[in-house]
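S.K.: Handing you this structure, nothing more for now.
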Amino acid sequence: MESLKYMYAMAFAVEEINRNSTLLPGVKLGYRIVDGCSRYPWALQVALSLVGGDERSCSLTASMPHSASYEQSGETSMIIISEMSFPQISYMASCPCLSDRLKFPNFFRTIPSDIYQARAMARLAIRFHWTWIGAVLVNNDYGHLAIQVYVFVLYMSPSYKVQIYIYIYIYIYIFYCSQRNYYERCQTDSTQNSSFHCKGDSDLLLVYRCKENISGTGQNKYLAISKVASGVLGVAIKSSTIPGFESYLRNLHPVRRPDDEFLREFWEKEFGCNVSSLAKESLQKASLLPCSGTESLDGVQHPFTDTSQLRVAYNVYLAVYAAAHALHSLLSCPNRDSPLRNISTCSSPNHIKPIEVKMFITVSSYPQEFLKSQYDLVNWQNTPEGPLKLVLIGRVDGFDVHLNESAIQWSTGSSQVPVSVCSESCPPGTRMATRKGEPVCCFDCIPCAEGEISNKTGSPHCERCPSAFWSNAKRTVCIPRQLDFLSFNETLGITLTTAAVSGATVTTAVFVVFVCYRQTPMVRANNSELSFLLLLSLKLCFLCSLVFIGRPSVWACRFQQAAFGISFVLCVSCLLVKTMVVLVVFRSARPGAEALMKWFGPGQQRGSVCLFTCIQVIICAIWLSLSPPVPQQDLGFQGSKVTLKCAMASVVGFSLVLGYIGFLACTCLLLAFLARKLPDNFNEAKLITFSMLIFCAVWVAFVPAYVSSPGKYVVAVEIFAILASSYGLLLCIFAPKCFIILLRPEKNTKKYLMAR
């Protein structure tokens with residue numbers, strides 16, 4: 001039906017020119033029409049018969065001396081017959097290859113080259129950010145060259161990556177019956193966007209979301225009449241109007257054109273009757289009733305008479321006028337100074353040479369607007385009545401694409417541009433990881449690692465946060481790290497505080513018991529003065545651990561290590577002097593050893609404890625004055641937190657403090673071990689031995705634990721060592737004594753204690 005409209009557009013133009021008194025005056029144009037059926041051999045046969053003068057067929061001739069032809073055949077047909085010596089004006093052959101004037105000097109056309117149309121298609125894909133596209137194209141020059149331009153424009157676009165997913169070659173004469181096969185195949189493909197490159201009543205066609213239905217770009221009536229074409233966006237030949245053409249079509253009637261076999265066949269098909277004046281037709285039409293004569297196209301809504309969007313038909317109209325203007329210039333004897341000064345004589349209608357027509361078409365008569373790359377952007381949309389309608393939604397003018405996106409109705413029924421990508425853009429907080437062996441537009445989104453961020457969509461990599469910052473939970477922003485230290489509010493801090501306070505409380509309770517029973521043999525026999533001093537030092541040991549908890553400050557860092565070192569030296573010094581006194585007491589019982597006691601009287605005992613403690617005080621004073629511990633932020637590997645701790649500016653000072661405590665403890669352990677078997681019923685040296693074994697074991701284990709612990713747990717390890725050793729001393733030395741004092745008072749006698 002569309003081809004029939006093209007034929008009558010040519011006939012209308014010829015009749016209009018013949019009625020024109022200024023264009024080709026005195027010359028009448030004629031035409032003959034044959035059907036090449038889109039077969040290359042038939043097209044060649046028609047062309048040869050035209051040149052050879054075979055009256056059985058000719059191809060839209062302008063005058064009986066064949067001077068020009070208008071070909072509907074496709075690109076391949078035009079390439080085949082382009083070797084003929086007479087000029088050809090095509091209204092459908094849009095292959096870019098035919099623009100080569102050296103190879104095809106006799107070829108002209110009123111349709112732009114497909115290079116502009118493919119470029120417009122590619123620009124639409126870029127505009128919609130489609131990167132995963134399937135392609136279906138006709139297996140001829142049209143399809144091959146169109147896809148080459150299409151892919152080239154896509155890949156040359158800055159910062160744009162696209163993957164043409166699949167190529168399916170379909171010969172043009174079986175394309176329409178193969179749509180169903182393609183649609184079924186499309187249901188199993190992973191691409192979300194397909195691009196049809198076919199030729200018929202349309203140009204390029206882009207199909208979106210074929211798994212659901214089809215939408216995208218194109219103008220093919222065979223797809224348009226199908227419900228699967230809803231939402232198709234097309235790059236179509238520019239639509240124009242032909243004044244008077246609609247009235248011309250509506251007034252067509254077999255009675256007024258009795259020799260028009262094409263009109264007769266159309267009439268019988270549309271109205272289902274046999275034209276009475278031609279009733280002697282074939283037997284298969286004998287069953288048709290004769291037409292009444294009242295049948296008419298006037299006032300009837302029919303696609304044949306619809307001239308609202310004339311595209312190819314308008315190109316046919318222009319082609320006829322192009323040839324007519326060329327003939328007019330040729331027959332008007334142009335000025336000798338014109339570009340055609342090589343023509344020495346005027347031509348007459350009976351002596352027109354094809355080369356002369358060609359020269360006038362090339363130089364003077366061929367309207368330049370024919371070659372402008374102008375297209376319409378159209379969209380097939382659903383209507384309440386059911387059938388689809390073609391809506392103009394923009395235009396292409398050269399390199400400029402003017403599109404009203406809000407007017408587009410996609411397959412979803414909305415104007416929201418669909419997404420067609422192999423992989424969705426990675427959101428902020430992730431990075432793209434390409435899949436091995438797959439296109440660059442196919443990737444996985446990998447969350448950024450801790451301490452890394454990506455704050456934009458589609459980031460190829462994650463950025464590392466500065467050292468003082470860390471990534472948030474979504475890995476989109478670097479935020480300042482939180483300060484982390486052992487505080488009184490957290491579980492670990494509360495547990496250690498409770499243990500320290502409990503130890504100090506128990507020590508106070510023992511002190512009270514010893515004060516209340518200070519006149520009993522148990523208290524007096526174990527050097528009550530050193531016992532009270534030992535309890536006081538143990539209480540200081542428990543309480544000094546509290547200094548390590550809380551936010552580190554300059555004075556807290558200095559005081560905590562000094563308090564720890566002095567308290568434990570005081571405690572161990574008391575035990576060391578007590579052990580020495582025990583040994584001296586038993587040694588003094590031997591003949592000649594009485595002089596030893598004068599060196600270990602109460603004054604000497606207090607002086608010894610004071611001397612041992614002063615040495616530690618001096619060490620701490622020198623250490624803290626030269627290179628004291630200072631608060632420091634430890635970035636370390638603690639993730640989003642920065643550990644605030646007391647950094648040891650001088651490891652030597654801290655080592656001397658611990659080493660001195662260790663020296664006193666080892667000396668005390670050695671002396672207590674030597675005095676463990678002295679023959680008293682209650683030998684305090686045994687208790688000191690066990691307590692010092694626990695003390696030394698705790699601090700030997702402390703060193704590796706302290707070095708290997710991360711962050712705030714370094715402080716927790718030191719507090720644990722302080723509390724563990726303090727509890728060991730308290731329980732090993734004073735628990736047995738309190739047991740006898742409170743629960744076994746019958747053993748709290750001098751006789752029992754002195755028993756061997």
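Cβ atoms are placed via backbone N, Cα and C, with glycine included.
Remember, TrEMBL labels are computer predictions, not curated facts.
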S.K.: Have a look at 111-132, 133-154, 529-550 and point to the one annotated transmembrane segment in TrEMBL.
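M.R.: Residues 529-550 are the ones TrEMBL records as transmembrane segment.
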S.K.: Can you see whether the transmembrane segment (687-707) and the transmembrane segment (562-586) are touching - at least 3 CB pairs under 8 angstroms, only pairs 6 or more apart in sequence?
M.R.: yes
S.K.: Given the model, what does the mean pLDDT over the domain 'G-protein coupled receptors family 3 profile' (492-756) come out as?
M.R.: 83
S.K.: Apart from its near flanks, which chain residues at least 6 from the ends of the transmembrane segment (647-675) lie with a Cβ under 8 angstroms of it?
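M.R.: 561, 564-565, 568-569, 572-573, 575-576, 579-580, 582-583, 586, 612, 615-616, 619-620, 622-624, 626-632, 634, 683, 685-686, 688-689, 692-693, 695-696, 699.
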